[in-house]
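If you look up TrEMBL, you'll see B:Glu385 marked as active site, proton acceptor. Taken from TrEMBL, the feature FAD binding site covers B:Thr103, B:Gly142. Marked as domain 'Acyl-coenzyme A oxidase N-terminal' by TrEMBL: B:1-97. The domain 'Acyl-CoA oxidase/dehydrogenase middle' annotation in TrEMBL covers B:100-208. For B:239-400, the entry in TrEMBL reads domain 'Acyl-CoA oxidase C-alpha1'. Taken from TrEMBL, the feature domain 'Acyl-CoA oxidase C-terminal' covers B:444-621.
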Amino acid sequence: GVNPDLANERQTASFSVEKLTAWLDGGAEQTRLRRAVVEAIERDPVFSRENQYFQSQNERYEAAVRKAVHLQKKMHEMGWSQDGPESKYIYRAVAGDIAFLLHRIFMRSISVLGSDEQIAKWIPPASQYQLIGSYAQTELGHGTYLQGLETTAVFDVTTQEFILNTPKISAMKWWPGDMGRSATHTVVFAQLYVHGKCYGIHPFIVQIRSLQDHSLCPGIIAGDIGPKMNFEHIDNGYLMLQNVRVPRENMLNKFCEVQPDGTYVRRGSQKINYFTMTSVRISLISGEAVTPLMKACTIAIRYSAVRRQSKLKPGEQEAKILDYQTQQEKLLPQLAAAYAFHFIDDYLQEMFDRGYREIQRKNFDTLPELHALSSGFKATVTQYCTSGVEICLRACGGHGYSLLSGLPSLYTKIIASCIYEGENTILLLQTARFLVKSFMAASTGQSVPPSVTYLAAVKPRKCPAKNKLDFLSPDIYTEAYQHMAVRLISSTAAKLQDLIQSGVKKHDAWNRCTVQLAQAAKAHCHYITVKNFAETVEKLESKAGIQKIMKHLCDLFALHGIFSNAGVFMHDGYISGAQMDMVTASYLDLLAIVRKDAVPLVDAFDFTDKSLNSALGCYDGQVYQRLYEWARKSPTNKQISPAYEKYLKPLLHNTLSKL
Amino acid sequence: EALVLNDPDFQHEDLNFLSRSQRYEQAIRKSSLMVMKLREYGIADPEEIYWFKSFVHRGRPEPLDLHLGMFLPTLLTQATPEQQDRFFMPAWNLEIIGTYAQTEMGHGTHLRGLETTATYDPATQEFILNSPTVTSIKWWPGGLGKTSNHAIVLAQLYTQGQCKGLHAFIVPIRQLGTHEPLPGITVGDIGPKFGYDEMDNGYLKMDNFRIPRENMLMKYAQVEPDGTYVKPLSDKLTYGTMVFIRSLIVGDSARSLSRACTIAIRYSAVRHQSELKPGEPEPQILDYQTQQYKLFPLLAAAYAFHFVGAYIKDTYRRISGDINEGDLSELPELHALTAGLKAFTSWTANAGIEECRMACGGHGYSRCSGIPDIYVTFTPSCTYEGENTVMMLQTARFLVKSYTQVSSGQRVTGMVSYLNDLSRQRIQPQHVAARTVTVRINDPVSLVEAYKARAARLVEAAAKNLQAELNHRRSKEDAWNRTSVDLVRASEAHCHYVIVKLFTAKLSEISNAAVRAVLTELCLLYALYGISKNTGDFLQAGILSDAQITQVNQRVKELLAIIRRNAVALVDSFDFHDVHLGSVLGRYDGNVYENMFEWAKKSPLNKTEVHESFHKHLKPMQAKL
């Protein structure tokens with residue numbers, strides 16, 4: 001049965017959990033579909049994650065390969081297709097614990113960067129898994145800064161081949177997934193040289209392992225890069241190329257081509273490359289950042305409703321730790337953030353779809369805005385969610401550190417998202433560059449993209465709030481965020497101008513302002529998130545209690561941001577000291593309000609127990625029983641440790657000290 | 001140090017490539033050897049043992065930690081001479097290996113909630129130990145799962161039908177000779193954790209397990225043969241141990257953060273990326289302002305915490321001298337202060353280690369960077385020996401108490417003496433406003449005053465809010481809970497003030513001018529960075545003006561550029577040996593890339609050229625599709 005401590009949390013819900021779930025999914029039909037996919041996968045024992053926490057790196061890799069292979073069979077059986085409506089739920093259901101994710105990127109890069117002939121040649125065997133692909137971009141010495149890559153591809157006119165080389169150790173490909181053990185082919189990014197001239201980074205298809213016996217091809221040195229904080233199931237690899245020759249046709253040539261005589265031809269717009277990056281950054285926000293935060297909130301909040309500790313009132317039962325203000329202050333803002341970023345994901349997705357339609361009509365105007373927003377949001381959301389997951393972990397006390405809580409694995413996985421697909425600080429600076437440019441344009445009256453038109457409306461004002469209830473008005477706080485973002489962007493732009501006018505070189509001035517620039521970019525994203533949350537709430541129908549609770553969450557998200565960044569809002573006196581006390585009071589009131597619906601709010605995320613894989617976070621709240629059962633399954637309790645016979649016994653019998 | 005590093009017996013394969021079971025085995029092997037060698041070299045001084053141990057295990061936990069760190073000391077402090085005769089020498093000779101079983105599945109920091117019972121049976125003169133619920137199962141004690149054959153168990157004592165609260169009992173749990181659990185004892189390992197792979201943290205369930213009356217540690221409280229309970233003289237004494245252990249955690253915060261800074265700063269000097277000036281070679285990433293902004297404030301914090309740790313240790317030594325002479329007057333303040341400082345420094349270090357790892361980009365994520373290992377080993381200290389939020393609230397309780405004393409006209413002493421000024425300010429309302437211009441942002445002493453004013457304001461605000469809640473006729477507990485976010489902020493401000501004050505005070509003790517100069521820069525950075533991260537507090541209290549905040553932000557960036565020159569030297573000064581650092585990125589010689597390649601080749605996945613998964617899964621799939 002359900003632990004009564006959790007059951008009574010559910011009885012007092014102020015809204016319908018099922019309706020909220022359906023709304024989050026984008027309709028009841030989606031919910032039905034998602035549940036069907038999850039159910040089909042979780043029922044299949046091959047996809048079980050039951051022993052995951054007890055497995056070694058080798059075992060987890062093998063399980064991931066087994067699951068990936070089995071998934072192909074399963075999809076065929078269920079009639080699911082690669083780009084069908086089920087696909088996004090499949091990934092959610094297997095919880096990413098699967099091999100060959102890079103194979104999909106391999107295929108996508110060929111589809112986007114390859115010519116029609118190349119697509120016809122490579123995609124059919126790849127989709128039949130006749131070959132397994134990877135994507136080799138990052139090197140030991142260079143990551144986000146692509147121009148710095150050092151692998152070379154020299155065109156040899158006489159044999160019509162490219163000769164690929166790793167000229168030094170820092171040029172070794174390092175990190176690509178599926179490359180350490182699995183892949184037979186990979187797309188290698190290398191500096192192209194023709195007749196001694198460098199043409200920059202280009203993609204080449206290179207076979208690295210034999211299709212017969214999987215041994216390495218001549219000239220190839222490849223292997224696994226060793227253990228990481230997580231992703232033990234993925235064989236991230238290294239690759240060294242020694243005079244590896246590939247035919248001229250293996251350079252992906254939709255946009256650039258080397259002709260037989262060595263003539264270099266460029267066609268189409270380079271901008272499309274940005275579009276690929278943009279699409280990857282937007283697509284990872286939901287699955288890699290928001291979902292883990294939702295899971296962590298589910299685990300920590302359910303556990304906090306079950307764990308009782310110390311007394312709040314003398315003579316009464318020990319209190320649920322969720323009733324402590326300090327515990328609410330840790331968890332509930334994270335819950336609000338999970339919702340806020342879920343809505344931001346919708347916003348970005350919609351903007352992306354619009355941009356995509358424009359690009360298909362050869363209109364690239366929306367690209368800079370899309371690129372800037374996707375960079376900034378990838379950075380802010382992954383960073384926020386990462387720290388949110390860690391807060392959830394630490395809010396579970398000692399038991400949070402047990403792998404069986406599920407939280408350490410969520411954390412060690414999500415932190416990687418701050419680095420991959422562009423290191424966050426560098427991405428924020430890209431956004432900042434766009435903001436400064438837009439601000440300059442706006443202040444000289446030129447037109448700017450829709451998301452930054454607010455920069456034109458610089459008006460030095462004061463926050464009009466008169467009492468703490470005023471701060472529950474979305475207009476009041478959205479305005480405060482807007483004011484703060486404008487102030488940070490304009491003051492940084494002004495400082496940059498000043499430095500340049502005082503004779504400092506442009507790049508130097510930029511470096512001296514980067515701390516502020518990154519802060520300004522974050523402020524912009526924070527503002528858009530609050531604004532979008534408020535607008536989303538406004539559009540909701542008021543029935544079923546959903547709008548009301550969403551409004552509370554929106555207020556909580558916004559006021560938590562002001563409370564935790566008080567100085568930034570007070571700096572020019574926009575919010576006064578007295579007003580800041582009102583913010584704090586309203587914020588603390590909200591914690592107590594949202595507390596009441598905390599469990600139903602995480603229930604609405606609708607994660608199955610299997611997908612949470614947590615002894616602390618199960619739906620029924622039987623925490624301690626489960627923790628004990630799972631611990632007893634640990635292999636350390638099954639086998640007799642060799643350490644006893646070898647070392648402990650002689651030690652206990654005092655034979656060592658007699659030596 | 002050299003003794004251990006040059007000893008071939010202590011060498012082993014890189015731990016990153018071993019399974020949990022193998023890591024446990026290695027740790028046990030080394031501990032056994034260590035005990036033998038300690039005897040061989042005749043090392044007996046606790047400080048020397050500590051160093052020897054930390055080099056053998058390279059600062060990592062090991063299964064005998066609780067035996068050496070808790071079991072033996074508890075015997076020394078809480079056992080009667082008769083009990084010491086029975087247990088101490090066998091334990092010293094490791095015939096008895098013990099652990100300290102306090103935490104249960106259902107309760108940690110809140111000790112009074114523990115549920116294990118020890119019921120005295122005068123008929124047999126035994127205690128009957130029981131784990132009456134699932135939540136009462138002992139959970140987490142290190143060395144309990146597989147290693148120990150005894151445990152000091154904390155249980156609620158029942159005698160003559162009454163509960164007398166928590167007491168400590170020596171409980172044998174495994175058969176000497178076979179190492180099998182004794183009848184009535186269920187014991188095992190609690191499974192994999194976030195780090196601590198070499199430690200067999202365990203569970204312990206007792207069913208009507210009987211131990212003789214003489215196994216209760218009775219130096220203070222006693223149960224007489226007929227079941228009469230004799231109360232201990234003072235319960236303040238147990239504070240002493242807690243203060244001591246928490247002071248160790250402050251030191252550990254400093255050390256762990258220093259290690260992470262060493263790795264990140266050395267690596268940032270080796271890694272070149274992108275371009276700062278068009279046409280020039282790629283610069284060291286340490287030259288980027290954003291990178292400096294991530295790392296240097298942490299470097300400053302590592303130095304600050306180092307001084308704080310030393311201060312607590314010294315104060316504790318001084319006070320424990322007094323305790324032995326019966327003077328306990330300073331203990332409450334030190335106890336309150338260490339609770340908060342433990343929380344403050346471990347939180348900062350915890351976040352700081354992660355920041356260092358992120359500053360190393362993708363390679364920081366590889367275990368070869370060594371930072372993941374530092375992190376998972378350190379991060380539990382936010383929870384053990386007192387959960388941090390609860391610790392902050394303990395400090396707050398002391399602060400509120402001191403504030404109440406001041407309001408009722410008494411004077412307080414020690415680190416909280418600034419609260420005395422609050423009453424004076426009320427007489428001179430101009431005082432606060434006048435303060436604004438007096439802060440000199442280049443003078444550490446003046447910045448200490450600014451932090452002091454902030455702490456005073458936040459303590460006062462929290463105390464007033466608490467009073468307001470009480471005026472609403474809420475119960476004491478309820479009022480406290482509704483003010484706890486404010487109270488934690490007040491504690492943090494108080495701790496922050498103490499740290500800035502101690503760092504500043506240290507500067508005048510440095511005789512070497514060049515060292516003093518560079519540490520003054522670090523101290524300024526620590527103080528100014530702290531202000532820039534908490535500008536709201538300083539603005540709201542009118543301690544600093546908008547213009548001054550702008551100056552502070554500017555000055556922080558100037559200091560970054562100044563410290564940049566000495567950054568590598570400042571981490572070299574921590575003097576971590578490469579073996580102890582355990583990091584390919586943080587090597588003293590900076591030969592990062594070639595050694596990463598060497599390291600990766602040893603990965604378990606690389607043992608065979610073609611992985612067995614190819615034959616098992618890949619090949620059949622390719623054949624079928």
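Here the Cβ of each residue, glycine as well, is placed from N, Cα and C on the backbone.
Just so you know, TrEMBL annotations are computer predictions that nobody has curated.
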Quick one: mean pLDDT on the domain 'Acyl-CoA oxidase/dehydrogenase middle' (B:100-208)?
94
Including all protein chains displayed, how many Cβ atoms other than that of B:Glu385 (active site, proton acceptor) lie within 10 Å of its Cβ?
18
Name the residues of the same chain, 6+ apart in sequence, whose Cβ is under 8 Å from the Cβ of B:Gly142 (FAD binding site)?
B:Pro61, B:Pro63, B:Asp65, B:Leu66, B:Thr99, B:Tyr196, B:Met199, B:Asp200, B:Asn201, B:Gly202
Go through the recorded positions B:Thr103, B:Gly142, B:Glu385 for me and flag any whose C-beta is under 8 angstroms from a C-beta on chain A.
B:Thr103
Taking only the Cα atoms, work out how far B:Thr103 (FAD binding site) lies from B:Glu385 (active site, proton acceptor), in Å, as a whole number.
10
Please work out the helix, strand and coil residue numbers for the domain 'Acyl-CoA oxidase/dehydrogenase middle' (B:100-208) from the DSSP assignment.
6 helix, 49 strand, 54 coil
Just to be sure I understand, if DSSP states are collapsed into helix, strand and coil, how many residues of the domain 'Acyl-coenzyme A oxidase N-terminal' (B:1-97) fall in each?
69 helix, 0 strand, 28 coil
Validating a neighbour-count step here. Other CB atoms within 10 A of the CB of B:Thr103 (FAD binding site): how many?
20
